[in-house]
Structure formats: C-alpha cells, structure tokens
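Pulled from Swiss-Prot:
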type: ACT_SITE; residues: Glu69; note: active site, proton acceptor
type: BINDING; residues: His66, His70, Glu146; note: Zn(2+) binding site
Amino acid sequence: MLRLQNLPKLVRRFATTALPKTETTTLKNGLTVATEHHPYAQTATVLVGVDAGSRAETAKNNGAAHFLEHLAFKGTKNRSQKALELEFENTGAHLNAYTSREQTVYYAHAFKNAVPNAVAVLADILTNSSISASAVERERQVILREQEEVDKMADEVVFDHLHATAYQGHPLGRTILGPKENIESLTREDLLQYIKDNYRSDRMIISSAGSISHEELVKLAEKYFGHLEPSAEQLSLGAPRGLKPRFVGSEIRARDDDSPTANIAIAVEGMSWKHPDYFTALVMQAIIGNWDRAMGASPHLSSRLSTIVQQHQLANSFMSFSTSYSDTGLWGIYLVTENLGRIDDLVHFTLQNWARLTVATRAEVERAKAQLRASLLLSLDSTTAIAEDIGRQLLTTGRRMSPQEVDLRIGQITEKDVARVASEMIWDKDIAVSAVGSIEGLLDYNRIRSSISMNRW
C-alpha cells in the first residue's frame, strides 16, 4: 500500500503570473498609445490605426484611402522602396497594411530588438511618404487590375451593393476601392490632401502586444509621432464623425442568367460598436450560424437553418453576419445556391428562422454563446491578433474590453435578451436586399419584406 506520509510535500515556490493588462496613455497632441506587455515574449506587433477609411472620403476622392495603402511601402523622403524592403528583410520583420470603411491600419511584427526600428519605419511611412508621381501611376494600374478581379468575385460585389442600397447617399455606401473613374483620375495632390485632412494625431492610435513595454512605446511614440498636429475640432476616440447614415429599405439586383448560382444578401439595420446589445446581436448571428455543403458533419450542426437547407438541398452555403460601424450596422445573411428553382423556399426558411429568434431556447442561446466565446477569445493567439484587437476597440469605442470582460458580457446574455433584440431589430423592420447572378426565382421585395412584417410566434 502506498504510504502517503512518505510522499514529498508539494511546495509552491512561484507566484502565478498576473494576467497582462492594457495600459493607455494619451500624448500632448492627442495621439493614444495602448499596450499589452508580455515580458517573456521574444517578438512584438506594433500597429498604427487611423480613424479614417473610405467613409472619410468624398464622391470626388473615393478610393484615396485604399490608394494610399498601396503607396505606403513605395518609399519615403528618408528611405527608398529598396531601403525599406532591405531594412525589414534584414531583421526578419513583417510589415503590412489594410483599409476598411472606417479605419486604415499599418502594422509591423518584429523581433524584440528590432521593435524600435519598426516604430521608426511606421512613422516614416505615415508622415514622410514620398508619393512620387511615377509611383502613383504604377499603382494606379495595379489597383485597376485589382478592381477587375474584385468585380469577378460575387461575394464582394454583393456586399458592396448591399452597402450601396442600405446607405444610399452616404459615404458608408461607397466602395473601398472607389469607382473606376476615380482610380483613373486621382492625383498626387488628392492623396496628399487626404493625408492632411485625416492623418491627425487625435485620430490615430498606436497599439502593441508582446515584448515592448508601455513606457518604451510611449517614448518612441513621442519621438516619432509627437510632431503630428491634431484636428481643428478634436473628437474623442470612438466618437461618430459626420452624419449618422439613414438605413434605407431597398434592393439592388444584377441579374445574370449565365451565372451558375444565385448570390443573395439580406440585412436589417444592426448594432453599432458601442450599442449595449452589440454582443446580443452576435449571439443571434451564432444561432443562425454558417453552413457549407462541403462540411462533412453538416446534418449534425446545431443551427436549425443548416438542417433544413441540408435536408432539402436548398443552398450551396450560407453565412450569417453582424457588421458594426461607429453609429450603425448590418445584421443579416449571405446565401449562395445553384438550386435556382427553390430560391423562394430558401429565402422563406431563412426569414422563418430569423422569426424564431424571438422564441430561441435556452439551449440554443447557451450553445451560441459558447461558439461566440470561442470565436472572439480563441482568436487572440498571437501578438498581431492582440494588437489588432486593442487598436480596433480603441478606434471604435474609445476603450478596450479585456477578454475577461468580454467573457462576462457574453455570459450575462439570456434567451429573454435574444427575444427582445430580435423583436426590436427584425420584426416589421425594413430590409436591404442585394442579389447577383441567376436570380429570376427571387421574388419581389415586398414579398420578402412581408415575411417579417408580422410576429406569429
């Protein structure tokens, strides 16, 4: 028999490492610095986010933000394009950028000893970009080819049309790339003016995650970004800029009978980033779920809609979405089907499942909450993901919710919350419809709208 008294005593000789916290500092010029320090990390990601994307453009310069993203790595007043590339290749660092409707983001992922240089390069790119006339002409051709490729992608076209019809007459309804005529006509002066108007210190954040400490990044930010000037009328981070868009119940259809599929998006007005029911809308999205017929376990998914679609072969795939902006959002579903004779059935069962959200069961809500937790929290598995999360939250809400707070907020959602939000957001509300491809079988707008005009549950 094992004698427990002879076993060595278990003595804890270390302290549990405290969870990393987000530290925030605002410089004198209004620029915000936020960090999550991981002292044992050997790399760090530093991100510079600008609270300006295609929404900050006019009809004349629509496409400027994306154009500048292309020009970012083509050289500065201090570094040629070749020097920029060599500087990062020699240190093993990674540099990238992307543009959305409300933000433009530049970030660098580097080893610990190369982080200060990465910050210097990011500052050089954002504040000293040369934007030569020859580089503008070269990138113009690249962007035109990119637009040609995007125009061949049904999902991109559908979602651009969805924004255009839902936010008619508002900058949020414009595309990120801009129309072809703008791409062909934007000048160096137009791009420099966009930088002057929007790349202001109070509209920028620097976030990091990994090896660099908060104090060190603040010093680097003061050194390389301290000379930037704020806007004439300063707004706090996360504050809406410009008029709130009016959601318009409407549709855009682009019928192409040569297409093998119908591609359809249906949406209601969703939640902004700051809306108290933001997470409830995400839970509702998870209840509706995503489905693709290539998924081997599709008959056993928790989504009721996926079961119906799979059993009756109504679609190739569907994807629910909850897209948020500073003062509005789009909540809906994207459907792809080659069963063109049953499009009406597909739309009917989709909206019927939207209606069922007012009577969602506790089991459905708890399962969706678990899926949402996994989606939001398990994705924070790298310094780049964490830096992006910090930057996005600061730009959209003005503060960062810790993973623990996110988990708590999701955990507090009940089936009553889902029923209330579904009733307020979906029932008898206008919808925006965007459809591309072989859509002869998609019935008229009023027929689709009437499916959610009466609550029978």
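Just so it is clear, glycine is given a Cβ too, placed from its N, Cα and C backbone atoms.
Structure with Swiss-Prot features highlighted.
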residue	record	contacts (Cβ under 8 Å, 6+ apart)
His66	Zn(2+) binding site	Ser54, Thr99, Ile143, Ile176, Leu177, Gly178
Glu69	active site, proton acceptor	Ala97, Tyr98, Thr99, Thr104
His70	Zn(2+) binding site	Glu139, Val142, Ile143
Glu146	Zn(2+) binding site	Leu177
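Shown in sequence order, Phe67, Glu69, Thr99, Glu139, Val142, Ile143, Leu177 are the same-chain residues outside His66, His70, Glu146 whose Cβ sits within 8 Å of the Cβ centre of the Zn(2+) site.
For the recorded site, His66 (Zn(2+) binding site), the DSSP three-state label reads helix.
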